[in-house]
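Taking it in order: structure first as structure tokens, then the write-up.
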Amino acid sequence: MTEKKLASLGKAEEGKSGKLTMNQNSNTRSVSDIVQARARKFFSKKTLHQRLPITQWLPKYNLESLEGDMVAGLTVGLTVIPQGIAYALVAGLTPNYGLYSAFMGCFVYMFLGSCKDITIGPTAIMSIMTHEYSVDKNPDYAILLCFLSGIIIFAAAVCNLGFLITFISKPVIAGFTSAAAISIASSQLKGLFGLSYQSESVIEAFSKLFENIGDTRWQDLTLGLCSIVVLLLMRKLKDLKITKVQPDDSTYVRIGRKMLFLISVGRNAIVVIVAGIIAFAAKSDTFTLTGDIEAGLPAFKAPPFSTWDNGTEIYFSEMVSNVGAGIIIIPLISILESIAIASAFAGGKTIDATQEMYALGMCNILGAFVQSIPVTGSFSRTAVNSTSGVKTPAGGIVTGLLVVLALAFLTPYFKYIPKATLSAVIICAVIFMVEYETVRPIWKARQLDQIPLWGTFLTCLFWKLEFGILVGVGINLAILLYGVARPKVNVSTVLRKDESGPHYVLVEPRSGLFFPSVDHIRGQVTKAGVGPAESSVMVVVDCKHFTGIDYTATKGMKSLCQDFERRHQPLVFTNVTPGVERGLCSLIDDIVIARSSDQIDAAYKNPQSSAWRATDLCPGFCSIK
């Protein structure tokens, strides 16, 4: 008998060992299968098309696409050259750095970009942020910022952190953009008036303007104001009916309409060229000119990881320390601008935010090798690109080549461009970024959203742009968390069928049951129990809005049940989800959960003081002892 038992035990052990080996093999196979599945997915054709979008549209490219891309690319190129020169001045750098920033993004985005309309390059907001974090106007800091921004954006894409952008609401973005536009415009007043002074804020810019108003150069002011008027009129030209091509137009009329349209969208280049010719023809001291610009293409080299300051070498760690919060703020704003533009021009299609971040990251990384400042999508040039009839991201090739040609052959002539005209170009570009038209819709949709809007706007305007974003996000999170911590609780009295008195008091919290809100909900249920329920009528808590529960909330509900038990007052929970039920029953022994109205009626008819049990009342109750 003993031998049989030992044999059976041996077989059992062998069986267990066999099962263990099989389980181990099964686990090994499952890990191997997961790795293989991930590898197959990564190297699939779908992933190739998703991460290299050029493989989607290039096989279908035709002459019609080429025509649209050529026209759009040329138009955007005529826009970006004067803007690039002007934005470099906003960044506190020499004009050539604006042009260095205007072509690499166009080339890279053609391969990696998923939105045909977007053009990547220098923008007003990125320029003013670069100015803020470029120490002593040293271009090495701006180039390093471009490189580090690209690394951070690319890393965020790899880690799928694009969802963090959703924590910055539209009112915050509107407030930031509007304040940045006003800050940029105020910084250009000195160029418009022909003055020379340094200012770091809107208030300082206006105070310095009034202090130096007596030194205004009337030639610069006249040319600047005339440039603004002409730019605004030419901007309006494209919206007139005369520029709209009609189906029954003849070839000559069609060409004429397109020429008028091109004149409108290429207004910056036209005004700058005309102003340059006027300055060239006038005496050398008539206007304040841009001055000599370094000729030729930038050298392709690694971004600077050290720099020199008054004969002292500044190493990488110290450069990063000097830049400070700019390493985070600039990539964040870059992503914000680019994703917002992609969404605006998506035409109803879903935007792959991760892919846009990959593209933007690589634009900045490779741009740093040609001495670019931080870049992102430009709303004004993207709008020009779209209205010019671009068909694919290949339009960026034409734009980039035009900038390269300008750097190679035209830089000697850029020195004749008057600063007043460049100031006019910038002012006319940014005044339309002030989103005053959003104030009324935000008020109608939700008045509380005015707080983050104006909090962001005023902080950006009178303090610093990056602090404005933090203040806006902080206000939004505070409003969001307040709603979580203080949810609305509806209390109503359900009468008996004969309406002779209260049947029970129904308490309905309108959001989840988690630790920030548990004290508030407990207080409201207690208030209902001693108020409308008069410490005797049954109270029913409707849990249909509870999606989950945590330990703190469970402890709070346990204390609530004990309070009701001490008053010998029935308390019932209803419409409880399985997850919430498991959490409640894990700590509360005598909790009563009714799964139907019949069970609520049964609880009303059989309240046995503090000793009553749900299982005694009706099958289907949850009651644990």
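Think of each number as a place in line: the chain as shown, counted from 1.
Note that Cβ sites are derived from N, Cα and C of the backbone, with glycine treated the same way.
Keep in mind that what you see is a predicted model, and the values were worked out from it rather than measured.
Some features that TrEMBL has for this protein:
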COMPBIAS  1-17  compositional bias 'Basic and acidic residues'
REGION    1-25  region 'Disordered'
DOMAIN    66-450  domain 'SLC26A/SulP transporter'
TRANSMEM  70-90  transmembrane segment
TRANSMEM  97-121  transmembrane segment
TRANSMEM  141-165  transmembrane segment
TRANSMEM  260-282  transmembrane segment
TRANSMEM  323-345  transmembrane segment
TRANSMEM  357-374  transmembrane segment
TRANSMEM  394-414  transmembrane segment
TRANSMEM  421-439  transmembrane segment
TRANSMEM  451-482  transmembrane segment
DOMAIN    505-582  domain 'STAS'
(request) Write out how many residues of the domain 'STAS' (505-582) are helix, how many strand and how many coil, based on DSSP. (result) 34 helix, 13 strand, 31 coil
(message) Taking only the residues in the domain 'SLC26A/SulP transporter' (66-450), give me the average pLDDT of this model.
(response) 90
(request) Using a Cβ cut-off of under 8 Å, list the residues of the same chain at least 6 residues beyond the transmembrane segment (394-414) that approach it. (result) 61, 65-66, 68-70, 72-74, 76-78, 80-81, 84-85, 95-96, 99-100, 102-107, 109-110, 113, 116, 119-120, 276, 290, 293-298, 385
(request) Quickly jot the same-chain residues contacting the transmembrane segment (97-121) by Cβ under 8 Å, restricted to those at least six beyond its ends, or write none. (result) 51-54, 57, 76, 80-81, 83-89, 91, 127, 139, 142, 146, 298, 338, 341-342, 345-346, 351-352, 355-356, 358-360, 362-364, 366-367, 369-373, 375-378, 381-382, 385-386, 390-397, 399-401, 403-404, 406-407, 411
(request) Please give the sequence-distant neighbours of the transmembrane segment (451-482): residues at least 6 beyond its ends with Cβ less than 8 Å from one of its Cβ atoms. (result) 128-129, 132, 167-169, 171-172, 174-176, 178-180, 182-183, 201-203, 325-326, 329, 332-333, 438-439, 442, 516
(message) Using Cβ atoms and a strict cutoff of less than 8 Å, what residues sit near the transmembrane segment (323-345) while being 6 or more residues removed from its termini?
(response) 114-115, 117-118, 120, 123, 125-126, 129-130, 132-133, 135, 141, 144-145, 148-149, 152-153, 156, 162, 165, 168, 173, 351, 353, 356-357, 360, 364, 374-379, 382-383, 386, 465-466, 469
